[in-house]
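Novice: Questions regarding the structure given below will be posed in turn.
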Amino acid sequence: MTSFTFDIRTAYLIGCLMYIGLPLVAWGVLKPYQSTATSVWCGGSLMFGVGWLLLAVLRGIVPDLLSYPVANILIFWSFLLRAQALHACFLGQVHWEKSLTASLVYMAGFEVLRHFDEVGHVRVAFATICLVGALIYFTGTAWQLGRKHNSASLRWLGRIYGLATLSGLWRVSAVIAQLVGYSPLSDQDTAYHIIGGNLNIYTLAVCLILSAVIGHICFFGVVLEDALKHRTDSAARLAREEETNRFAIQLALFDRQSGIAELSSSFAHELTQPLTAILSNVQTAKRGIKGGRMEYPQLAELLGRIEVNSRRANEIVKRIRSFIRPHSVERVALDLTAIGQETVDLIRHDANSKLVDVVVVAPREPVPVIGDAVQLSQVILNLCRNAMDALATQQENALARVAVTIAVLNDKATLTIADNGPGLTEAGLVQAGTAFFSTKPGGLGMGLAISQAILAQHGGEMTFRNAKSGGAVFEISLPLHRGTPEGRV
């Protein structure tokens, strides 16, 4: 009768080939999700396969230096590397210092025992205990992270390597039992020989094969879970950003509308002038035509005046409407000088009624920037209104002045608004621009905060200080556009 003999090296060879081949397959399959975690995991698994191949299959074929010290170090490192891969995947960080320290301690202990343990039994026990300890650390890491991050794949990874850990502990108990004399020793069939026929050796081989297959499948799940989580988080973050942007747009619109409401009397007066002129010219033409005294050149002149004043009134209405209506942000190439001048024109009458002299100092050449005209105008309007409000606290006989200076400094487009008022208080110097902080009675404290947010979206910034000669100075700076103003980008 023919008997069948199973060589344990065959099981080892199957397991080793799996540990060498599966990391390469995983590397290819997970190529779209390449990360530090994937690279470290595949490298650690490949290292385990090579180490176990040297230790269990090629023992006696390759030099002893490769088949034992090098093989044990590779296996020890493989567990530490794969534990760090899980840390990188879920925590975004690795602890290379701890792994390196543990490896150096293991290598030092192994080298010391190699010189003092001539038989090698203590060295084998030390190596087995350290390798199983590394396996326990890896298994514990997988299980702990799986529970913390509610990852089913990690928990299954912990379970399958938990079986390998139990098998490893059985192996450790057998080695220690023979070391202390509780089990008989022999040269051929002993726990010190991993190619022996002990039951714990067969169990270890089975666990090796199971952990190779199921472990890599679980890691696929870990990577896919992590990728799905990142995509979900990104979608949620984008949704929050869109909601924040919508709220910011609504808040900016409210700020513009409240600003226009405060200037409504000025706009009414500004509109009254062209409308009154139109009415006067129409009445003159009507009387002339009715009395038969109106000649054609005179009528043409009156109609021309009516046309000019109609256009003027239309421009005023268009300017107000474009400023207060909701609109999508449109970034185009603009002339900062033109934006500043148009904004000052909006508040000109209000400034005159408050006896505030507003002057614009700008270069003759355009100062090109990229931005949204309405938003930038809103920033300038807020700063001008704040300056005028500050000047209202001065004595009646004091000369109130606001200077709007536009320039190019240090490759930046700058617009400075300086007044000769009382300046900012100590609290204002610290908290100006903070939401809901205001020095004006009844003020919401959102104007400067909104202005800073608008400038940040344009890649610019706002600074403020008190001038040495008195008064507050607010300066905004924007990236200078090397192109033609009034062009879409």
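Quick reminder: no glycine exception, Cβ is built from N, Cα and C everywhere.
So TrEMBL says this about it:
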| type | residues | note |
| --- | --- | --- |
| DOMAIN | 266-482 | domain 'Histidine kinase' |
| TRANSMEM | 12-30 | transmembrane segment |
| TRANSMEM | 36-58 | transmembrane segment |
| TRANSMEM | 70-96 | transmembrane segment |
| TRANSMEM | 120-139 | transmembrane segment |
| TRANSMEM | 160-181 | transmembrane segment |
| TRANSMEM | 201-224 | transmembrane segment |
Novice: Which sequence-distant residues neighbour the transmembrane segment (70-96)? Criterion: at least 6 residues beyond either end, Cβ under 8 Å.
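Specialist: Contacts with the transmembrane segment (70-96): 35-38, 40-41, 43-45, 47-48, 50-52, 54-55, 102-103, 106-107, 110, 127, 130-131, 134-135, 137-138, 141-142, 145, 148-149, 151, 154, 222-223, 226.
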Novice: Would you say the transmembrane segment (201-224) and the transmembrane segment (12-30) are in contact under the rule of three or more C-beta pairs closer than 8 Å, pairs 6 or more apart in sequence?
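Specialist: Touching, yes - the transmembrane segment (12-30) and the transmembrane segment (201-224) meet the threshold of 3 or more Cβ pairs under 8 Å.
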Novice: Six or more residues beyond either end and a Cβ under 8 Å away: which residues meet both conditions relative to the transmembrane segment (120-139)?
Specialist: 72, 75-76, 79-80, 82-83, 102, 106, 109-110, 113-114, 158, 161-162, 164-165, 168-169, 171-172, 175-176, 178-179, 192
